[in-house]
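Encoded as C-alpha cells, the structure appears first; notes follow it.
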Amino acid sequence: MDAAREFYTNKNILAPMVRVCTMPTRLQATEYGADIVYSEEILDYSLMRSKRVENHAFGTVEFVNTKENSSGFRDVIFQTIPEERGRLVLQLGTGDATRALKCALLAAKDISAVDINMGCPLKFSTSSGAGSALLKKPEQVRDIMTTLRRNLPSEVHVTCKIRLLETTEKTIELARVIEACGVSAFGVHARYVSQRPRQPAHWDLMKHVVESVSCPVIANGDVFKHEDFERIKSETGAASAMCGRAALWNLSVFREEGLLPARENLNNILKKCLEWNHTVKNTKYLLRELLIKSTGLENEEGNALNKSKTLEEIARTFEVPETLIGSKRREHLKRPCEEDALSLDS
Ligand SMILES: Cc1cc2nc3c(=O)[nH]c(=O)nc-3n(C[C@H](O)[C@H](O)[C@H](O)COP(=O)(O)O)c2cc1C
C-alpha cells in the first residue's frame, strides 16, 4: 500500500470545525482514539499575515499575527505541538492557488496534510471565491490542488473536502478532476450545499462517488455513534470516516469503549485548555457548546461561565484544580535540552 493510501485507510477522523478544532479539542480527540485530526478552517489572508514562532516556554509552535489587535496583542492564528504532526491536517479557506501555497509552505513542517475547504456555504467564504464556490469552478480547483501538490514536500498530503453537487454525475466529474490533481484523498460531506445539517446525509449517493475514483475517499455526514464510523465505511465503500457535530456534542464519540458522561468529557477538555494555557475566549466557547448540549446555560454554572474573565475563574466554576493552569509549560521546562529541540524560525 502506498503512503497516502495507508494514511487514509481505516481512519476515524475529527472533522474541521471553526472555533471547535483548536488544539485542546484535537489533543483530547486523539486521547479518545481519533486517528487524524483537522484544524478549524483557517483563512488564507490571516495565516499569510502570520509568523511561525516556536514557543520555547511551552513547546508549542504558534502562527502569530504580525499585526496587533485592537487591544495591542498579537493573536495566535494557529497553534500546534510537534507530537501532533503525524496526524494533523491544516484546513485552509482559500480560493487562490498562490495564497494557498504560501500558507501551506509556512506550516509544512508542522502538519501531515493540507486540506482545502470546498464545502462552506457561508457568504464570507463564497464571496471571496472560496468554500463551496469552488465546487462550480473546476479550473480553479485544478489550479489550487496541482499548485499545492507540485510545490509541497511529498510527505505533506494534499486533500480537499467537498459537498455533493446537484447531480451525482456532476459530483463524479468533479471527483475525477480532483483525483487527477494527484491528491492523497478527498473528503465528501454527503449533503448538497443547500442542505441544512438537520437534513439527513446521503450515504447512498456517496457510494457512487467512491466507486468513480481510485484514491481514498473520506466519508462525512451523520456519524453520530462510534459504530457509525464502521457503518458509513461499509455502506459507502469509503476508506475512512469523519465525524463533525457528534464530536462537538461529546468528543468521546471517538472512544471504542463507549461514550463518557457529558460532565467527564467537559472536564477532560477543560483540563486540556488549562494545561496549555488556552485562550479564555475559546475555552469559554468550547464549554458553552458542551453545556448547551447537556445542562443548558440558564443555571449557576452557565452564568458563572459567561461572566468568567480568567482561566482561574473557569477552573473554580467546574471544580477542576487551578494548579493545572500552565502545567504543560512547567513540564516542558523540566525536560533537558529543550533549547536544542526548538529554535525560533524567522
Ligand atoms: C460548528 C461547526 C463548524 C464547522 N466548521 C467547518 C470548517 O471549518 N470547515 C469545514 O470544511 N467544515 C466545517 N463544518 C462542517 C463539518 O466539518 C462537517 O462537514 C459537517 O458538520 C457534517 O458532518 P456531521 O454530520 O458529522 O456533523 C463545521 C460544522 C460545524 C457544526
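Using the three backbone atoms N, Cα and C, a Cβ is placed for every residue, glycine included.
Just so you know, TrEMBL annotations are computer predictions that nobody has curated.
The following features are taken from TrEMBL:
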- Cys120: active site, proton donor (ACT_SITE)
- Pro16, Met17, Val18, Gln91, His189, Gly244, Arg245: FMN binding site (BINDING)
- 13-265: domain 'DUS-like FMN-binding' (DOMAIN)
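Feature map: TrEMBL annotations on the structure.
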residue : record                    : Cβ contacts under 8 Å, 6 or more apart
Pro16   : FMN binding site          : Tyr38, Ser39, Glu40, Glu41, Val89, Gln91, Asp115, Asn117, Lys161
Met17   : FMN binding site          : Tyr38, Glu40, Gly244, Ala247, Leu248
Val18   : FMN binding site          : Glu40, Glu41
Cys120  : active site, proton donor : Glu41, Gly93, Thr126, Ala130, Gly131, Ser132
His189  : FMN binding site          : Gly119, Lys161, Ile162, Arg163, Leu164, Ala201, Asn220, Gly221
Arg245  : FMN binding site          : Pro197
Mean predicted confidence [pLDDT] for the domain 'DUS-like FMN-binding' (13-265): 96
Cβ neighbour count (within 10 Å, all chains shown) around Gln91 (FMN binding site): 24
Per DSSP, three-state class assigned to Arg245 (FMN binding site): helix
Cβ-Cβ neighbours of Gly244 (FMN binding site) (radius 10 Å): 21
Assigned conformation of His189 (FMN binding site) - DSSP reduced to three states: strand
Assigned element (helix, strand, coil) containing the residue listed as 'active site, proton donor', judged by DSSP: coil
